[in-house]
Amino acid sequence: MSDFQREQRKNEHVEIAMAQSDAPQSDFDRVRFVHHSIPSINVDEVDLTSRTTDFDMTYPIYINAMTGGSEWTKQINEKLAVVARETGLAMAVGSTHAALRNPKMAESFSIARQTNPEGIIFSNVGADVPVDKAVEAVSLLDAQALQIHVNAPQELVMPEGNREFSTWLDNVAAIVQRVDVPVIIKEVGFGMSKELYKDLIDVGVTYVDVSGKGGTNFVTIENERRSNKDMDYLANWGQSTVESLLESSAYQDSLNVFASGGVRTPLDVVKSLALGAKAVGMSRPFLNQVENGGITTTIEYVESFIEHTKSIMTMLNARDISELKQSKFVFDHKLMSWIEQRGLDIHRG
C-alpha cells in the first residue's frame, strides 16, 4: 500500500466515523443508580481527580485515540490538543504506524505534543509493531503512556488487513518489558473478557481500555470500504462497555481499567466509574464537536460535561471516584443474565 493510499484510508476512517451514530439501545441504560434524596455534600466538594498506578489525571475523562497520518488529521489532532490543553483533559492520538513508516507523517501526531507540551498524552501502536518501533512511538510524543490497540475483527473485515495474530500476545509482553511508560491494551469497539484480562496480567500488563461495542464501529467502517460490502452481519460483534467492565470485576485490583465505547453522556461516565473504571474515553463526540463547532464550542462542551459529572456525583453523595464506587445500583434482566451465565461476582453497593 502506498503512502497516498494510507493517507486516504485515514481520512476515510474519520469521515465514516463522523457519519456514524451511537446504537439506539445502550447497555448503559440497563444500569440504574438508586437515588438518595438528601445528599450530605455540595457540588464544590466533588473531586474528579483520577489516580492510576503511574499518573494522576485532573479529570476522569480523556480524548481517546482517533486519528493522525494525513494533513487533514494533523489539523484535527492540533485542534483536539488545544482543547486538551485548555481543559486539562488527557488525550490519545490514533495509530502512529504512518509516522513510523514515513517520517514525513510524524508531525501529524507530534503536533499534539507541540500544542500541549505539559499535558498527558498517550501514543498508539498496533499489537504487531516491532518493539523498537513501540519505543519510537513513545518518543515521538514524549508520551506518558502507550496504547496498544487490539483490533482483530477490524483487520479481518479490512480488505487489506492483517490475517496473522498468533504472535500478538508475546509481542505485547516484549513491549511491556521494553518501554519505560505504562502500556494500555486498548480494544477498538469489541470489548474485553475476563479470560483476556487474565492473559494480559500474566504477561505483565497493568492497564486496559475495554472499548466495548456501542460507539465507533470499525466492522461497519471497514465493510463500507469493501467492494461488495458483504460482512455487515458482524456489525454487532463483541461485548458492550458495560459487559466488559462487569467482566473486569475480579481483576480491578490488578488492572487500571479505563472504559470507552459508546459513552454518550456524563451519566454514562459516572456509571463507568461506579463499575470500576478509573477513567473514561470518548472519541466521536469530541471529533464531531471540534470539526462541526470549532475549538471554543468544544471547550465549552467539555466544561459543561465536567460540571454535569460533578452534579451527578453530588446526587450520589460521592465526593470522589473511590466513594462513587460504593454507590448502589441495579441491573436489568439482560445484564443479570450475562452476569449469571458468565459467573461474575459483582459488587452493587
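First residue shown is number 1, and so on along the chain.
Using the three backbone atoms N, Cα and C, a Cβ is placed for every residue, glycine included.
Under DSSP, His97 (substrate binding site) is assigned to a helix (H, G or I) in the three-state scheme. Sequence annotations record features per position, and here Swiss-Prot assigns substrate binding site to Arg9, Lys10, Ser95, Thr96, His97, Gln154 based on sequence analysis.
Swiss-Prot lists Ala65, Met66, Thr67, Ser95, Asn124, Lys186, Ser211, Thr216, Gly262, Val263, Arg264, Ser283, Arg284 with the feature FMN binding site, giving sequence analysis as the kind of evidence. The secondary structure of Asn124 (FMN binding site), as reduced to three states from DSSP, is extended strand.
As annotated by Swiss-Prot, Mg(2+) binding site applies to Glu155. A 10 Å cutoff on Cβ-Cβ distances gives Glu155 (Mg(2+) binding site) a total of 20 other Cβ atoms nearby, all chains included.
Using a 10 Å Cβ-Cβ cutoff, Thr96 (substrate binding site) registers 31 neighbours.
Checking Cα-Cα distances from Thr67 (FMN binding site) against the binding-site residues (Ser95, Thr96, His97, Gln154, Glu155) with a 10 Å cut-off leaves Ser95, Thr96, in sequence order.
Of the listed binding-site residues Thr67, Ser95, Asn124, Gln154, the Cβ environment within 10 Å is emptiest of other Cβ atoms at Gln154.
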